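*Asks:* Submitted below is the structure of interest, expressed as structure tokens.
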Amino acid sequence: MSNIVAIVGRPNVGKSTLFNRLIGSRKAIVNEESGVTRDRNYGKSEWNGKEFSVIDTGGYVSNSDDIFEEEINKQVLLAIEEADVILFMVDTEIGLTDLDQNFAKLLRNIQKPIYLVANKVDTSERIYDASEFYRLGINSDLFCISSANGFGTGELLDKITSHFQTDSVESTDHLPRITIVGRPNVGKSSTINALIGEERNIVTEIAGTTRDSLYTRYNRFGHDFLLVDTAGLRKKAKVNEDVEFYSVMRSVRAIEDSDVCMLLIDATRGMEAQDLNIFHLIERNRKGVVILINKWDLIEKDNKTTLLFEKEIREKIAPFRDVDIIFTSALTKQRLLKALEATLKVYENRTQKLKTSELNRVMLEAIENYPPPMVKGKSVKIKYVTQLPTHAPSFAFYCNLPQYVKETYKRFLENKIRENWDFTGVPIQIFMRKK
Ligand SMILES: Nc1nc2c(ncn2[C@@H]2O[C@H](COP(=O)(O)OP(=O)(O)OP(=O)(O)O)[C@@H](O)[C@H]2O)c(=O)[nH]1
Ligand SMILES: Nc1nc2c(ncn2[C@@H]2O[C@H](COP(=O)(O)OP(=O)(O)OP(=O)(O)O)[C@@H](O)[C@H]2O)c(=O)[nH]1
């Protein structure tokens, strides 16, 4: 269902260079997107109209050649579990090493598409050197590329994206898909159990088998939706509890498979860096979000506690502040239904299609009252606006000089939209187009 590619390989083979190239190519395409943020390990890319996610599993592993087998294991396991296509990268400059062999041993028998990528083929002579990598016994085509200058990457991308579907299958005729995400121990399973009202058996899964997200149909209190079951994620997360990066990466698929995420924060800890990482994952995937401050029963409260808490969180998630924050307890079931209702409202917000006439009436007036600033003596004239037929809300503003419209002005337009229509919990994209 999802389109996820993971890059694995020993340190220094050039994983992040390829990662940056893949993400960079998207950045060039969508540089008009408001608030593009980047991440060392996770990003979105696009090739031939297919959007996909890239995970660089490196960078976390200590940056020396003497890394432990255990680390390799974790990296490979992560790729196997989370990715749909795996790129195993080696370095033609250095040639075949023992560490490559260790990786190969783990990767040899997995049941997912895997491609051997010989990097640093900066000149065509190096292609001949690369043939030694066939000795790794990886049953795949060998791709010779140069992450640095881009040689061979087009062919590789053609191959990778042949496994992916266009427009990663968000159909609109399905029930809302809700996922509960958050770091280890925040109370995800307790919340699911409190909502579903029974302890469920957790199916043990075997590493190396494909794991698609499981959905539980929830049909109660007049609500009907699918809860993406993160039981599998939860179980495995325990193994790597110590490792921040892995537990964030483990949320990737669950987030991609959903429409709206309930992001759980531990009230006793507040919103920390890792929580924020997950928040940004959701935002970058343009999914809806509601923030639940769980374990609220453990907090000593006075009349200002919630306000302060909320304020602090909104500062952290800025500029995307228009998000519901709900104080819950899986233990006492406090406000769980409220949280559910907010989540389903976000789904509604995210799927609404604004009427073009009304959109133009409101926005053109706002623009007239506060036009984009002149640039080099020229004035930018915005003529009309439409909502694009995308899953996540995006708006195109047609004007004479799109390149002159700055981020701050796009922010103004976004805020105006939010003031006039309810897009709470929903990331919005603003595009300026030439007309
Ligand atoms: N000549 C050449 N050098 C490259 C190429 N790709 C990457 N490099 C260089 O190889 C070195 C390592 O690249 P990284 O992308 O940091 O490697 P990595 O695999 O992400 O390393 P870790 O972060 O340690 O896992 C850097 O000095 C890069 O400039 C390439 O195609 N050709
Ligand atoms: N006081 C209190 N404890 C809670 C609440 N929610 C969960 N807990 C406790 O927090 C611990 C972790 O809860 P889980 O539901 O297993 O958390 P999880 O997010 O699924 O954890 P992982 O499986 O590690 O990802 C358990 O001991 C729960 O009993 C709550 O609202 N209040």
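Using N, Cα and C of the backbone, Cβ positions are placed for all residues, glycine too.
Caution: TrEMBL annotation is automatic and unverified by curators.
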*Asks:* Write down the single range among 190-217, 302-329, 330-357 that appears in TrEMBL as coiled coil.
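*Replies:* It is 330-357 that TrEMBL describes as coiled coil.
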*Asks:* Do any of the binding-site residues ASN12, THR57, VAL121, GLY182, LYS188 touch ligand 1, in the sense that the CB is under 6 Å from one of its atoms?
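*Replies:* Going through ASN12, THR57, VAL121, GLY182, LYS188 in sequence order, those close to ligand 1 turn out to be ASN12.
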*Asks:* Where ligand 2 binds, which of the binding-site residues GLY9, ASN12, LYS15, VAL121, TRP296 are close by, with Cβ under 6 Å?
*Replies:* none
*Asks:* Can you grab the distance from ASN12 (GTP 1 binding site) over to LYS188 (GTP 2 binding site)? Cα atoms, rounded to a whole Å.
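*Replies:* For ASN12 (GTP 1 binding site) versus LYS188 (GTP 2 binding site), the Cα atoms are 37 Å apart.
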